């Protein structure tokens, strides 16, 4: 581990340990990232000059008011497959005016399983000639390509990749849709999944999961419970979760298209939802003892926090330590922290991903 990586990680460890000390958690478990090639997605602007074009990012000056263009020829934090493809793709784009004309952004989405989706974003309408050239390029480079411009989306191959993780003595396949959220650091994601499954060990009843996304945690956690009810509001994520459940041949998960707030209303009998009836989901048939949450950066609303306090165990993955801290002020009134983890999803940034297991006092 290099000194620069170690220093930034130690700074996060010190910050989190100090911030959460009032909750007297056990010793912090630390899950490191690879130092390079850990990001499975990358987005670049395309910068055109009179006789050249290149990948670019912008660097703001100290007061944040001015931006400087930074040429990017390689991107060490991105997966090796992205770095290998970058110069090959750029050379092909430069050599083809139909593909390079008014191209302003290129996005890469890679997987550990070897798939690659490249999105080319334009400031012009894409026509049939563009589509023919894009198909030829996709075949030549063995990649999937999407073309986007205002009001247009042209898919060459698929608009998704399929990731595959080995975990709990089996493999899990995940559909990752181009425009939907996915965990960017696949190696750390695997460590998060294993930690969550360890935290769930020993359950005798059912699992409720809020904010399930594409089923990233849902699939492996289903091996630890008799039944799982997962909720998610975004239609594209629900679709991906259902595809993932089917592809992985898992038969003990139901997905409800509800927000956390809506689930609370349904669970407490305050409101009926046609979406539940149409999906043949009877919430009252579940006997939950554990709830798993991976909320957005804003954390969990007050009504949902009250709901969580009724469960024996709460497994909470957080992408924002400040909202986790605020939520724990409420949750530790009824529960104690029995596991505490830091996942270095975003090395060399201030960002921290953390996990806590809370058990009823």
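Any Cβ shown, glycine's included, is placed from N, Cα and C.
When Swiss-Prot records 211, 216, 232, 294 as binding S-adenosyl-L-methionine, the matching candidate from 183, 265, 268 it lists for that site is 183. Other residues of the chain with a Cβ within 8 Å of the Cβ centroid of 183, 211, 216, 232, 294, the S-adenosyl-L-methionine site, are 181, 212, 213, 214, 215, 217, 237, 317. In this structure, the C-alpha atom of residue 294 (S-adenosyl-L-methionine binding site) lies 8 angstrom from that of residue 319 (active site, nucleophile). Residue 319 (active site, nucleophile) is 13 Å away from residue 211 (S-adenosyl-L-methionine binding site) when you measure Cα to Cα. In terms of Cα spacing, the recorded positions 183, 232, 319 that come within 10 Å of residue 353 (active site, proton acceptor) are 319. For residue 319 (active site, nucleophile), the nearest neighbour among the listed binding-site residues (183, 216, 232), judged by C-alpha distance, is 183.
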